[in-house]
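Pulled from TrEMBL, these are the features on record:
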DISULFID  CYS25-CYS62  disulfide bond
DISULFID  CYS29-CYS67  disulfide bond
DISULFID  CYS40-CYS52  disulfide bond
DOMAIN    71-177  domain 'ADAMTS/ADAMTS-like cysteine-rich'
DOMAIN    180-220  domain 'ADAMTS/ADAMTS-like Spacer 1'
Amino acid sequence: MCVNKELDLQPVHGEWGPWGPYSVCSRSCGGGTRSTTRDCNKPEPRNGGKFCVGRRMKFRSCNTEPCPRGQKDFREEQCSQFDGKHFNINGLPPTVRWVPKYSGILMKDRCKLFCRVAGTMAYYQLKDRVIDGTPCGTDTYDICVQGLCRQAGCDHVLNSKARNDKCGVCGGDNSSCKTLAGTFNDAQYGYNTVVRIPAGATNIDIKQVSYSGKPEDDNYLVTCGKGMRHRQVSCTMGAGEEKLSEHFCDPSSKPQAVGSCELPECASWQVGVWGA
């Protein structure tokens, strides 16, 4: 059989083959990813032909429902898998326990697995990349995919732009709470009730504008009466250190996050006797 040499040496440009099946989800809850790949083999490029242009791998979100309350942080789970492994690091005991290192990590390294030796400040990089679906940090919904931080919404879906509304509801329309706003400009001499703040109100912003245009005048805002105050309570290793999962701290010693407060009693009119 004879084959024309000129025809046999003509460039053949590559074409993509079909997408393969999607992989198993990388997480069981909290927003994992599944991936699929394709090959440039229908046909393969040869004789100097061009390689396929486009994505070889693509991802989709899966198991986006929130994880059960009290479950370990996903990065914490990955660090704990190395518990008892000291990697021949001088000074580490065979019972070493690893916890996530969040603070002090460069932005470009957020998708690497840095773990800290529990009870110390020492930390090490234990893996080149975290498992896909791991949040890039504690202050973002973005997730790590193939070692890179990718945009995700509060719904834990890749490329989603879903954000919490002013009421703290993911993708909400601000309808589950209401904004109260107004201007008080009808003061009489003495104490005046400017506004009553309802229980449970958040994002409170009260400003005083000087009637004279100066930074200060002879009017003052005064708060009084009973109310509730809130504070953030978190489990940390030492003052100012990164946050840990709550199960690392003794629940019986957890401070209250909400407490009552009482400022001076609000002024009110008192009826006296008529003068002579």
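Placed from the backbone N, Cα and C atoms, the Cβ positions cover glycine too.
Between the CA atoms of CYS40 (disulfide bond) and CYS25 (disulfide bond) there is a gap of 25 Å. Across the fold, the C-alpha of CYS62 (disulfide bond) and the C-alpha of CYS29 (disulfide bond) stand 8 Å from each other. Cα separation, CYS29 (disulfide bond) to CYS52 (disulfide bond), rounded: 35 Å. Sequence-distant contacts of CYS67 (disulfide bond), defined as residues of its own chain at least six apart whose C-beta falls under 8 angstroms from its C-beta, comprise SER28, CYS29, GLY30, PHE74. For CYS52 (disulfide bond), the Cβ neighbour count at a 10 Å cut-off comes to 18, with all displayed protein chains included.
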